[in-house]
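The structure appears right after this line, and notes come after that.
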Amino acid sequence: MKALKGSWAILLAIFFALVYLIPLNGRLLWQPDETRYAEISREMLQRGDWVVPHLLGLRYFEKPVAGYWFNNISQWLFGDTNFAVRFGSVFSTGMTALLVFALAMLMWRNARRASLATLIFLSMVLVFSIGTYSVLDPMISLWLAAAMVSYYLTLKATTAKGKLGGYVLLGLACGMGFMTKGFLALAVPVIAVIPIVIQQRRIKDLLIYGPVAIVVAVLLSLPWALAIAQREPDFWNYFFWVEHIQRFAEDNAQHKAPFWYYVPVLMAAVLPWLALLPGSLLKGWRERVQRPELFFLLSWVMMPLIFFSIAKGKLPTYILPCMAPLALLMAAYAEDCVAALRSKVFKVNAVLNGLFGLICILALVVLGSGLLPKVHLFTAQEWPKIVIGIIAFAGWLLFAVVSVRNNAQRWSWAAACPLLLCLLIGYAIPQQVTDSKLPQNFIRVNMAELGHSRYVLTDSVGVAAGLAWELKRSDVLMFNQKGEVSYGLEYPDARSHLISDSDFPQWLAQARKQGDVSLVLQLSRGESIDQQKLPKADKVEVMNRLALFWYQQQP
């Protein structure tokens, strides 16, 4: 058993390093998400203010503060690097993986099954995609996984002291989740445990000990909640009504999508384990009486999934918390299939992975060969990127083939399918995507002008955050567009941060007396710089959809 634990620990550590650590600093930051979170934490560290989030020097109330603390600490430890920007997400994903292992050991006392569950979790497409991307979803997923483990401890406790301890841990997890992403962290655990409470007849325990969790969560959140209410009295009004009610429930909710939206998303999210999905969910339902731990996991998968499906606003990242319990279900289902000599599901899984790799290879060949004249993703000079992409998906295909042979023993090799993709994807991104969604490249190419400009403006918040991050300045101004900082711009002390196109000529005449001025525009598809009604610039640089208008200082 010790040898098993040691070999699995080494395997998981190597996998984690290859997928989650090594690629981090080699990829440019995506806008708007990564540039936003990078800059918010940089400004918090610069200001020494860990209570009120700011973006571009403006109040930014879209999220509470605990998720930023992860990123703050990462930047404090590792400096102003892309690795530091993403490490908060990686750390959270790693801790969630440890919780997956711990819960598996609590349920089954089986190190192999616990290790398999951890490997399945870490190799899921949604997990490694979001777990190496700077957003707050990995942090909230960590706290929801902690809430899941805590609640399981309350079910297994046989004494009042044990139950009390479990509910205290549940309150701590929910409190930190609330401080990371708001009331969602309170709603999801409540929804997830309802079927479990009914099935196991735990209503009395919930009524007795549930208030303990609520009190602990409130006590944990209260110092910051009071501090921000004192400094910014409108925070809670905006955060509750705009960020929760409008985003999820109202007809004008952000990211509206139909009820069935998460069906195809979930199928893609669990790759390279798609064939295990139906059987694992059915197993959790069919064996709900004989094996209540499987129904426990099923409830933590399906109830949040239904909740997010009902909500009008939807994004793929929202279902990340469902992946941890789903990985545990899949591990249990797969091991039972091996024990019962049912290998068909592993053959199907290998075939699905092989088809996925092959389809992606063919898609890259078609895109690179010019067979689709109306689709210009890569230029003729970017053939090395196409080759890199083909190699990445050839790795997916290769490990699919490996896993199909003697699949009762090698089925878990499917976890290696994404390895080359994770290591190489940063080198295969088309230049037009780089110049649209990865502004660091554009900024570095034009650093001579941007770095010496007294004023820097842009019409995109994501690009503005990238400029602020690269230039280490929070006074980047918005040009004619408010975007997601519209609320912060409404404050009287922030109105000078927005320059309209009609005011720009007059403003520019005054600004050039103080120094150079740089205006960065993100052009729409098909839009040219000739369509911009701007004062004549001393220098214009265009890289696909990003354009720099540089105005030299005038006396």
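Numbers run from 1 along the shown chain.
Note that Cβ sites are derived from N, Cα and C of the backbone, with glycine treated the same way.
Same-chain residues lying 6+ beyond the ends of the transmembrane segment (6-26) with a Cβ under 8 Å from its Cβ atoms: 81-83, 86-87, 90, 93-94, 97, 111-112, 115, 118-119, 122-123, 128, 131-132, 415, 418-419, 422-423, 425-427. The transmembrane segment annotation in Swiss-Prot covers 6-26 (among others).
Taken from Swiss-Prot, the feature transmembrane segment applies to 87-107 (among others). Non-local neighbours of the transmembrane segment (87-107) in the same chain are 12, 16, 20-21, 24, 67, 70-71, 73-74, 77-78, 113-115, 117-118, 121-122, 127-128, 130-135, 137-139, 141-142, 145-146, 148-149, 152-153, 156, 293, 324, 327-328, 331; each lies 6+ residues outside the stretch with a CB under 8 Å from one of its CB atoms.
The transmembrane segment annotation in Swiss-Prot covers 116-136 (among others) and rests on sequence analysis.
For the transmembrane segment (178-198), the residues of the chain that approach it from at least six positions outside its boundaries are 63-67, 136-137, 139-140, 143-144, 147-148, 151, 155, 170, 206, 217, 220-221, 224, 239-240, 243-244, 295-296, 299-300, 303-304, 307, 321, judged by C-beta separation under 8 angstroms. Residues or ranges marked as transmembrane segment by Swiss-Prot on the basis of sequence analysis: 178-198 (among others).
Residues or ranges marked as transmembrane segment by Swiss-Prot on the basis of sequence analysis: 206-226 (among others).
Panel annotation: around the transmembrane segment (257-277), residues 120, 123-126, 305, 308-310, 312-314, 316, 319, 322-323, 326, 330, 333-334, 345-346, 348-349, 352-353, 356, 396, 400, 414-415, 417-418 of the same chain, lying at least six beyond its termini, place a Cβ under 8 Å from a Cβ of the stretch. The transmembrane segment annotation in Swiss-Prot covers 257-277 (among others).
If you look up Swiss-Prot, you'll see 293-313 (among others) marked as transmembrane segment.
Taking Cβ pairs closer than 8 Å, the transmembrane segment (315-335) reaches residues 96, 99-100, 103-104, 107-108, 110, 112-114, 116-118, 120-121, 124, 126-127, 130, 135, 137-138, 140-141, 144-145, 148, 188, 255, 262, 265-266, 269-270, 273, 276-277, 279-281, 283-284, 294, 297-298, 300-301, 304-305, 308, 345-346, 411-412 in its own chain, all 6 or more past its ends. As annotated by Swiss-Prot, transmembrane segment applies to 315-335 (among others).
Here Swiss-Prot flags 351-371 (among others) as transmembrane segment.
Sequence-distant contacts of the transmembrane segment (384-404), counting only residues of its own chain at least 6 positions beyond either end whose CB sits under 8 Å from a CB of the stretch, comprise 272, 346-347, 349-351, 353-354, 356-358, 360-361, 364-365, 367-368, 378, 410-414, 416-421, 423-425, 427-430. As annotated by Swiss-Prot, transmembrane segment applies to 384-404 (among others).
Summarising the annotation, Swiss-Prot assigns transmembrane segment to 411-431 (among others) and lists sequence analysis as the type of evidence. For the transmembrane segment (411-431), the list of distant contacts is 15, 18-19, 22-23, 26-28, 116, 119-120, 122-123, 125, 128, 132, 271-273, 334, 338, 343, 346, 349-350, 353, 357, 377-379, 382, 385-386, 388-389, 391-396, 399-400, 402-403, 438, 544: same-chain residues at least six beyond its ends, Cβ to Cβ under 8 Å.
Residues 51, 64-65, 154, 163-164, 166-168, 170-172, 174-176, 178-179, 186, 193, 197, 236 of the same chain, all 6+ positions outside the transmembrane segment (206-226), place their C-beta atoms under 8 angstroms from a C-beta of that stretch.
Taking Cβ pairs closer than 8 Å, the transmembrane segment (116-136) reaches residues 11-12, 15-16, 19-20, 23-24, 29-30, 33-34, 37-38, 63, 67, 71, 85-86, 88-90, 92-93, 96-98, 100-101, 104, 180-181, 268-273, 276, 316-317, 319-320, 323-324, 327-328, 330-332, 334-335, 412, 414-418, 422 in its own chain, all 6 or more past its ends.
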